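Student: Below is the structure I would like to discuss, written out as structure tokens.
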Amino acid sequence: MLTMDKCKHIGQLRLAQDHSILNPQKWHCVDCNTTESIWACLSCSHVACGRYIEEHALKHFQESSHPVALEVNEMYVFCYLCDDYVLNDNATGDLKLLRSMLSAIKSQNYQCTTRSGRVLRSMGTSDDTYYLHDGTQSLLQNEDQMYTALWHRRRILMSKIFRTWFEQSPTGRKRQEEQFQEKIAKREVKKRRQELEYQVKAELETIHPRKSLRLQGLAQSTTVEIVPVQVPLQTPASPAKDKVVSTSEDVRLKKASDSSGKRRPIVTPGVTGLRNLGNTCYMNSVLQVLSHLLIFRQCFLKLDLNQWLAVTASDKTRSPYKHPSITDTVYQMNECQETDTGSAPSRHPSLSLGLSGGASKSRKMELIQPREPSSQYISLCHELHTLFQVMWSGKWALVSPFAMLHSVWRLIPAFRGYAQQDAQEFLCELLDKIQHELETTGTRLPALIPTSQRKLIKQVLNVVNNIFHGQLLSQVTCLACDNKSNTIEPFWDLSLEFPERYQCNGKDIASQPCRVTEMLAKFTETEALEGKIYVCDHCNSKRRRFSSKSVVLTEAQKQLMICHLPQVLRLHLKRFRWSGRNNREKIGVHVGFEEILNMEPYCCRESLKSLRPECFIYDLSAVVMHHGKGFGSGHYTAYCYNSEGGFWVHCNDSKLSMCTMDEVCKAQAYILFYTQRVTENGHSKLLPPELLSGSQHPNEEADTSSNEILS
């Protein structure tokens, strides 16, 4: 990389103290939303992608003539007028100060000083929730609401346009006629019901009083229960109005009228974007995938650890700190017509009346976050429960996952800050923490936890343990005596190496095809161990235990085969390799994969005998994709199959769009998720009957037949 020691345009730079680059939530291109190669203009607040992505930063220079820009992640400075990277700073040392501030924001370490004592506006913050304060949260909550409202308005306008066009067509006119006839039928049913009620009331009034006062009192109390609306009988105007509708027709129309009153979801459940809070695309992609795995989502929609967590924590620690109630950490709906603006929001014991739980016709959506909770009160299971409730409520087009990010920072310190992270590492750490939390749940004051709750926790733990859990058969064969030694090893994902032809630098590597089946075959192929290094039990069996003779070492070969298939198969493609001592580069070749994967060729013989052929078939459920060329930079998106709408969705942080299977198969996959079509016990549903029967949709009253999606 060529650099200039001195650039005259840097000397003319005057950087504002409240530059937008200090907000991690703006570390993405304003045009294409990518977080790869992000350049911030140092003359204004514009942030865009570099010339090797979509050239939006270059276009901004051509339109505004602002020459100097800074790469947010690598912190290089580039001058477009000089067309070169620069090293010098201006007289006030703004670039050095800006780099120090960016490093502090990424690491969340604000113990930094400058020689002159001059600091930027945000330099004095010392809390690790730097950009999670109330002002920022409130601003983003309003933006989320406005985004959802704007999307909803656009959908309504588009629906009106298509409805007008549809009404002019022959099919539309026929539909209008049917609806008109249905209205008349409903009106006749209502009128007939009112007439019957009036007749019943008239008959009750003409009945003679009973001799027994007790029976007379009972009769009076019985008549009070029926309070019909008195409507004067009208003479039928035509024979058609005299027609009596049958009872079955009454029931059918009554059901139709009841169902028509149900609220349709604003968006298709699950089609909710997650705002990028500052290089958090790795977290957003993983959360989108986990929420679209049916068995995983249903478990955490059912389980909420917040209720007993506060009880056990307060009883165990006796801390003066009061754990925030569930309404302090979940998405709620507050009354929109509330006249007293200074009054506190109403408290609800559960999510049934909140954003995630039900349908409130006159409520305003609001996101409330925990305030500086201690780490022992934080529950990742509760945060997943809350977030999944919101994402699958059908009410939000965009959500800012503040609480989830805050919990990750506290419970997984390696991901604290706004630095770019690896999605595979985050997924492993997140699942490990969730499993540990569920395992330790029942041991903390079990007497205070209801039996039903402990049973539910045990069921969810069983699902979490088994959903990704499989077993490998490691078989070592001695080449001297042909003795085989078998070892069973657990696995939660399969890390697949690329073939040898992709491990070296070459110009024609990307043009050579590669498929995931080839990588699976490489994973399960027989591998020769180098030299005589294997201690064979059979070859050393004749040697006495305390004999002075040396141990016999032989040559051997090793093979890995799958002996127990997981319910959800995770395939991690090892795209990053070491190049030199401290550099990791990416293997950017496209890996072909299919919608249906047959795992039978990669299983051991015992599994082939014990399982039915249907158990080896897997369906593609999700794909995590990495955009970029390096390990420490890039952008993550995810392709997820939405079971509610029956379509594939491309999840790019806040932007979600419908896509086809062909588009999914063209993705540069990093992690593949396949769901077993039929489990070993022969069931197609992976969810336990106890959880499946008791689970509820987060928006029970929503009509999920609507297939509208974000455009």
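Using the three backbone atoms N, Cα and C, a Cβ is placed for every residue, glycine included.
Checked Swiss-Prot, it gives:
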ACT_SITE  CYS281  active site, nucleophile
ACT_SITE  HIS635  active site, proton acceptor
BINDING   CYS7, HIS9, CYS79, CYS82  Zn(2+) 1 binding site
BINDING   CYS29, CYS32, CYS49, HIS56  Zn(2+) 2 binding site
BINDING   CYS41, CYS44, HIS60, HIS66  Zn(2+) 3 binding site
COMPBIAS  240-261  compositional bias 'Basic and acidic residues'
REGION    237-264  region 'Disordered'
REGION    336-358  region 'Disordered'
REGION    689-711  region 'Disordered'
ZN_FING   5-102  zinc finger
Student: Around the Cβ of CYS44 (Zn(2+) 3 binding site), how many other Cβ atoms lie within 10 Å? Please give the count over every shown protein chain.
Tutor: 13
Student: Using a 10 Å radius around each Cβ and all protein chains in view, which of these binding-site residues has the most neighbours: HIS9, HIS60, HIS66?
Tutor: HIS60
Student: Through the lens of DSSP with three states only, how would you label HIS66 (Zn(2+) 3 binding site)?
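Tutor: DSSP assigns HIS66 (Zn(2+) 3 binding site) to coil.
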Student: What does the structure give for the C-alpha distance between HIS56 (Zn(2+) 2 binding site) and CYS7 (Zn(2+) 1 binding site)? Integer Å is fine.
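Tutor: About 23 Å separate the Cα atoms of these two residues.
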Student: By a simple count of other Cβ atoms within 10 Å, which of CYS29, CYS49, CYS82, the binding-site residues in the record, is least packed?
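Tutor: Taking CYS29, CYS49, CYS82 as the binding-site residues, the minimal 10 Å Cβ count falls on CYS82.
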Student: Between the Cα atoms of HIS9 (Zn(2+) 1 binding site) and the residue listed as 'active site, nucleophile', find the distance and write it as a whole number of Å.
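Tutor: Each residue's Cα considered, HIS9 (Zn(2+) 1 binding site) and the residue listed as 'active site, nucleophile' end up 34 Å apart.
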Student: Express the distance between the Cα positions of CYS79 (Zn(2+) 1 binding site) and HIS66 (Zn(2+) 3 binding site) as a whole number of Å.
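Tutor: Rounded to a whole number, the Cα-Cα distance is 9 Å.
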Student: Want to know which recorded positions, from CYS32, CYS41, CYS44, CYS49, CYS82, CYS281, are within 10 Å of HIS635 (active site, proton acceptor) at Cα; which are they?
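Tutor: If one measures from the Cα of HIS635 (active site, proton acceptor), the recorded positions that come within 10 Å are CYS281.
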Student: Quick check: with CYS29, CYS32, CYS49, HIS56 left out, which same-chain residues have Cβ atoms within 8 Å of the centroid of the Zn(2+) 2 site Cβ atoms?
Tutor: HIS28, VAL30, ASP31, ASN33, THR34, ILE38, ALA48, ILE53, GLU54, ALA57
